[in-house]
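J.: Can you keep this structure in mind? I'll have questions shortly.
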Amino acid sequence: MDLQRVAMARTSPDLNLLALLLCLLFPLHLGSPLTSKDWDFHENDISYDHATPTTQEEKERVEKFDISKLNYTAILLELEKGLNAMKKREGRFLEGPRLPRFFTDLGKFLDLEQVVNEIETSIMSTASCTACKVGVGMLQKFVQNGMIKEDIIKAASGFCISLRIETTRVCLGIVNLMADEVVYVVENLVMSPDEICGFVIGDICGIPYNPYHNWKVAFPPVQKPVQHPKSSSTGMPTLKVLHLSDTHYDPEYQEGSNADCDEPLCCRASSGPVKSPGDRAGYWGDYRKCDTPSRTIHSMLQHIAQAHPDIDYIIWTGDLPPHDIWNQTREGNLDVIRATINQMMVYFPKTPIFPALGNHESAPVNSFPPPFVMDNHGVGWLYEELAYQWQRWLPEASSPTIRKGAFYSVLVRPGFRIISLNMNYCNNKNWWLLLNSTDPAQELQWLIYELQNAEDKGEKVHILGHIPPGHSDCLKVWSHNYYTIVNRYEATITAQFFGHTHYDEFELFYDENDRHRVTNIAYIGPSVTSYYKLNPGYRIYYVEGEFPTSQKVVTDHETWVMNLEEANRFGHPRWYQLYSARRAYNMRNLLPEEWNRLVYKMALDDNLFRKYQRCDTHVFKQVIPKLAALQTLQYGHNINNYKT
């Protein structure tokens with residue numbers, strides 16, 4: 001099934017992937033000025049092809065430095081010399097020693113500045129692919145030769161600090177948090193650098209075959225029902241649904257602190273000195289790299305409770321902790337989860353809430369081992385807490401699957417079911433999946449079972465999750481299997497809801513056999529956090545209610561925001577409706593066919609596209625070119641999700 005995504009999206013700086021590359025590239029910090037003759041020794045050393053250069057600059061770089069001739073054995077010898085020297089100098093290593101010429105030359109070849117930029121934007125090129133393959137080959141060689149984890153941590157930290165990739169404490173924190181898992185995974189891998197980098201970075205690194213990461217779910221031998229065009233009823237009862245996503249509550253947010261720091265998260269007492277009045281964090285939040293203060297969340301929830309007292313239920317699509325991922329602990333993240341849930345209970349004590357798990361809830365971030373990974377590496381500490389906290393809204397029957405994999409299925413009312421998925425099992429930053437990505441926790445096979453039962457009983461289903469399928473952060477093989485499920489059960493699944501991008505977006509799904517026939521829609525809700533350059537927002541959906549022909553389709557949605565600049569200037573927040581989808585775009589309904597029609601209209605109508613941009617002022621001062629809509633159409637029939 002193909003997917004088309006209308007996106008005004010960016011993602012937050014991904015220190016998880018940065019940490020992986022640091023651990024992969026750390027040996028370069030202790031490299032030596034090896035001469036050209038050194039590359040030709042040891043013909044049995046690891047070698048592989050790099051991605052095809054796409055620009056003249058990349059071609060020149062590849063011609064100057066051929067990574068297929070890297071001599072890992074020689075580099076290992078130089079590394080051991082460097083480590084011995086480090087032990088004599090003790091702590092002076094982290095003060096930023098002068099880099100060897102070999103490292104300087106290789107650093108230029110790898111274009112590390114470009115690599116870091118690509119990690120932050122999640123838009124990869126051959127630069128990231130080349131850096132990944134070089135680093136993976138080295139790390140595998142060094143692990144095979146018995147380098148201890150402590151030396152890996154010290155070298156990776158020094159690499160990060162010396163190149164000023166992040167501040168000292170961020171470098172030390174993120175490497176120490178991630179190194180244990182990275183080394184464990186690398187020690188147990190049976191994949192080549194090509195396969196690992198294709199897995200982590202994506203198609204830009206090629207798609208090498210690996211049976212551990214090429215799998216298909218099994219469907220029951222039941223004929224797919226004949227598809228009848230969906231219809232949307234007017235004048236019939238509706239359900240009012242609140243969608244909250246990406247709260248990112250920061251208990252350490254401090255008004256007046258430095259909002260323009262050099263770290264991935266600012267607006268804290270620890271963010272360094274304020275250099276000018278304009279750098280001070282606002283009372284209600286900040287457009288810069290800052291998360292959400294408690295007072296802003298309380299203001300939003302109080303407003304919602306007053307403005308929307310008739311909410312039937314709430315969907316909550318994850319990411320509760322802040323972005324200080326270099327400084328997080330398991331207990332600290334659990335405290336944020338408990339505090340955020342308590343905030344919800346204050347304002348909605350009797351309203352049903354259906355949560356989904358985000359990628360930031362774990363510590364380290366993105367770390368969601370499949371059930372076969374146990375002991376201290378396992379994620380049972382988180383799933384047990386979720387089962388306990390979520391039981392206030394969910395039936396006891398949902399507990400086993402939550403404890404197993406943080407997913408569940410609930411009959412909301414007769415004929416209507418909600419299924420919440422753990423999308424971290426498709427997260428390509430979750431490097432536990434490198435060991436085996438085959439349907440972790442059997443989640444998708446379980447989903448088929450639930451959907452088949454729903455089809456047999458004539459139920460309609462809404463699916464919740466955090467990372468949208470088809471997003472660049474979601475594994476292609478997982479996404480493809482998910483698409484086939486949506487295609488098979490398109491008559492049963494009448495809406496999907498995700499978060500993660502922090503933006504107000506939607507995705508369209510297309511039939512596997514008839515790529516012009518749209519089959520389904522996924523709504524991606526705006527974030528509560530202002531991180532980064534955003535106004536805090538939430539979404540209200542109107543869903544077909546209780547009547548004989550109800551299909552539980554979404555009949556309209558409204559995006560509500562708070563103008564953060566205005567709130568900080570005048571001292572109090574004003575929450576208001578930014579737009580209604582049907583009114584703003586003059587849509588007859590919100591069926592997938594109508595959204596598909598809107599996309600094609602935007603590609604041809606400049607005025608309509610500019611209106612779409614104006615409606616998305618959840619984004620603060622963002623300029624999106626008209627080309628974005630045309631690119632969305634161009635790439636819409638590719639199995640990969642296109643991100644504008």
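Positions of Cβ are set from backbone N, Cα and C atoms, glycine also.
Nobody curates TrEMBL annotations by hand; they come from automatic prediction.
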J.: Disulfide-wise, see what TrEMBL says Cys205 is paired with, picking from Cys129, Cys132, Cys290.
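T.: Disulfide mapping in TrEMBL sends Cys205 to Cys129.
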J.: Can you check how the pLDDT averages out over the domain 'Saposin B-type' (125-209)?
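T.: Summing pLDDT over the domain 'Saposin B-type' (125-209) and dividing by its length gives 80.
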J.: Spatially speaking, which of the binding-site residues His248, Asp319, His466 is closest to Cys261 (disulfide bond)? Use C-alpha to C-alpha, please.
T.: His248
J.: Counting other CB atoms within 10 A of each CB, which of the disulfide-bonded residues Cys160, Cys261, Cys290 comes out lowest?
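T.: Across Cys160, Cys261, Cys290, these disulfide-bonded residues, the one with fewest Cβ atoms within 10 Å is Cys261.
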J.: Residues with Cβ closer than 8 Å to the Cβ of Cys197 (disulfide bond), same chain and 6+ apart in sequence?
T.: Cys129, Cys132, Lys133, Val136, Cys205
J.: To the nearest Å, how far is the Cα of His466 (Zn(2+) 2 binding site) from the Cα of Asp246 (Zn(2+) 1 binding site)?
T.: 9
J.: Counting by DSSP secondary structure, give me helix, strand and coil numbers for the domain 'Saposin B-type' (125-209).
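T.: When I sort the residues of the domain 'Saposin B-type' (125-209) into the three classes, I find 64 helix, 0 strand, 21 coil.
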